[in-house]
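*Asks:* TrEMBL feature annotations, pasted as is:
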type: DOMAIN; residues: 36-226; note: domain 'PNPLA'
type: MOTIF; residues: 40-45; note: motif 'GXGXXG'
type: MOTIF; residues: 67-71; note: motif 'GXSXG'
type: ACT_SITE; residues: Ser69; note: active site, nucleophile
type: ACT_SITE; residues: Asp213; note: active site, proton acceptor
type: DOMAIN; residues: 335-407; note: domain 'POTRA'
Amino acid sequence: MASTIYRVIFTVLLLCFSSHYLMGQVSSEKPARIGLVLSGGGAKGIAHVGVIKAMEEAGLRPDYIVGTSMGSVIGGLYAIGYSADDLEKVIRSTNWDLVVSNRVDFKDIAFEEKEYYNRYLLEVPFNKGKLTLPSGLIHGQVLSEILHYYTFPASQYQDFDEFPIPFRCIATDVRTGKPIVFDKGYLHDAIRSSIAIPTAFTAFNLDSTLVVDGGVVNNFPVDIVRAMGADFVIGVNVSDEDFLEIEELGGFGGILMQIAMAESLRKTSVNIEDTDIYIKPDLGPYSTGSFGEYDAILKLGEKVGKDFFDQFKKAADSLGVRNLTKIETPISPEVKIHSIDVKGNRLFSDDFIESKLGVVPGQTVNRDDLQEGVRNIFGVNGFYKVDYSMKPINDQEFDLSIRTIEKPKTAFSTALHYDNIFSVGLLANWTIRNWIGKSSRTVLVADISKNPKFRIDHYKYLGSQKKVALNFRYNFLKQEFPGYENGELSRINIFNTNRSELQLITTNSLKEAFYLGFITDLSESKIQFDQILPEGVRNGIDNYVSARARYYRNSQDDRNFPTRGAEGLLEAEYRFKTWLKINLEKGVDTIYLDAGGVQIPLGKDQLDQLVEDITPDSYLTLLGRYSKLLPISQSFQIKPFIGGGLTLSKQSSQSFRDFFVGGYQMVRFIDNRFWGLNYAEITAQNFGKLGMELQVIPMKKLFLRGGINWLGYSDQIPIEEVFGKNTFTQNTLLGYGADISYQSILGPITLGMGSNSTDKKLRTYLSIGFSLNYQDR
């Protein structure tokens, strides 16, 4: 009996001891190391964010992250501390249309280049005098700017293992076809190398190695995260799992892509088998290029994340994952620049580029300073790509390298346009760098049409800082357009204008510029089938010399389809001397004026004296306008605007230059648009206008706009009376209208209509394409 009791006690003690020992074993074991693998897949990679969000909610944080292509973007930013919510904000705030194009925001283009930027159907570069076809690939200026901005906090790390979560990403060596696994270096360069999608983005030049998208060799790199030490792998694959059938390839491009990615596809199937939680989101109709559908892809990513939440929670519990401390969103550090060097430039000097950069050795900068500097350089529109890299020389200082890819010295651009006022035309533009001296740009542009235009526009940047340019501009302009009386066609106005300008312009800002210079303007005018004009008159000549000061500011995000920003102009022009002349037809020395049915003869000498009497002395004109877009939402904006012009002179009955008011077009920079009137339907020496527009964007690239505006105008009033009550109330009208525009590859396609309170006649307008006007819509 006693022996039995002893055996029971012994057994109980043994069990207790064993239980305590086993518990000690479990508690002393380290939690499993979790690896997260994010595949490439272009826009479909946006779905990675939803999966990461579900992992965060389940308390599951990876110990290692490996990404390819778009997976490297999401994974790299998450690894340095951005949360899933942060990543979603980045995605929603990104202009994906710009990311997947060779364009940048209009507000980031230099003032001297804004009127030519992004308004041609075709741009053909000439390299060493030979025509070269454009590659059609995306250089990725905006992509690099975004990556630089958000990866800047990683500049404090020397090694990717120092990140809050150790990270790797994959690229492909173009020369050898072998994978490159990035584990240290400059994070921007690693990610940009990994996302250099063949047939979409240009290859990335990594020092002496040319690299492309890592998806070519390893699109789902589970093997890499295993090599880092992961015991448990969660993999998200938004690309193909295996080779596609022939009927699924979709053409020759698909065949080439499948051949190029053969090695990667073979490796993907093996890596899928080595994944503990394998996630293949159902992204429906969306493809690698569906960046514009980021909202829908984000939601699908969240859905698949919720579908796997229970598995994430179970994994967190079973793998011994402890309570996680929050990784703070990375703060952008300030860094001290030790030295600056410039690479890739030939046409633009180091001094020019460094002056635009606005950073000097010894200066402490942050990511905003460098982003602004890069945009200032790229804004001169002479580069395919401008970015930078930083190399630490100690814990506080960095060597800064500005990397440029210049456009060729010469480029030819062309476009087509049509409108129902000025008919059809073909644009031809030659842009030449350093043709007439260094640090210069010359544009020769012609509009071959019924209303031909020609322009020479030459800039020479001055001074060591290149913050001022000397500008010579010559414009020839023929305008043949209808004139109206009470809304009815009464005449055809014909103007031939030769205008030369020599001016200084500030070039240190992308948003504003000051102009100061001299102008000569020679205009020849005549009118067809106007019964008021006496027979025998061939034309009239109006020539003047003036000095002008102008301040112009434009922060709008697009020339033709702005959704935010403002535009303002203040201009004063002092005309020193005016010459007027009326030329008679050959053989005519007398004309007859109709005075109430009585024909009054006027000889050549009398006509010359009359012209001399109406020729004004020196006088001053003032012009101003301002408008601002107020975004109510992404698809709805309100735009109030105001403008006016004054002619200041002691005289009142002389022939002063008129301001043109009316129409959709701005043929000249000083033209004034107005709802409810045709182009230049009102000409006056003094005017004021104010109004408001509403803009709705019901779908991508489609714009609906409606506006109402008030106009008051008068003929010349002596200067002592110009600020009296009649200047803007002598004649008044209310105009209104609406238009619909589509942002097509040809340029804006606009159909509009409007009327006014004076004649209530409907006016219609149709335009297609890019023109030489200052606005195309």
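Numbers here mean position along the shown chain, with the first residue as 1.
Positions of Cβ are set from backbone N, Cα and C atoms, glycine also.
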*Asks:* As a test of the contact definition, list every same-chain residue at least 6 positions from Ser69 (active site, nucleophile) whose Cβ is closer than 8 Å to its Cβ.
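*Replies:* Non-local contacts for Ser69 (active site, nucleophile): Ser39, Gly40, Gly41, Gly42, Gly45, Ser194, Ile195, Ile197, Asp213, Gly214, Gly215, Asn219.
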*Asks:* Report, as numbers and ranges, which residues of the same chain sit near the motif 'GXGXXG' (40-45): CB under 8 Å and 6 or more residues beyond its ends.
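*Replies:* Non-local partners: 67-74, 96, 194-195, 197, 200, 213-215, 219, 237-239, 281, 283, 286-291, 293-294, 297.
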*Asks:* Based on DSSP, tally up the residues of the motif 'GXSXG' (67-71) by helix, strand and coil.
*Replies:* 2 helix, 2 strand, 1 coil
*Asks:* Please average pLDDT over the motif 'GXGXXG' (40-45) for the predicted structure.
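*Replies:* Taking every residue of the motif 'GXGXXG' (40-45) together, the mean pLDDT is 93.
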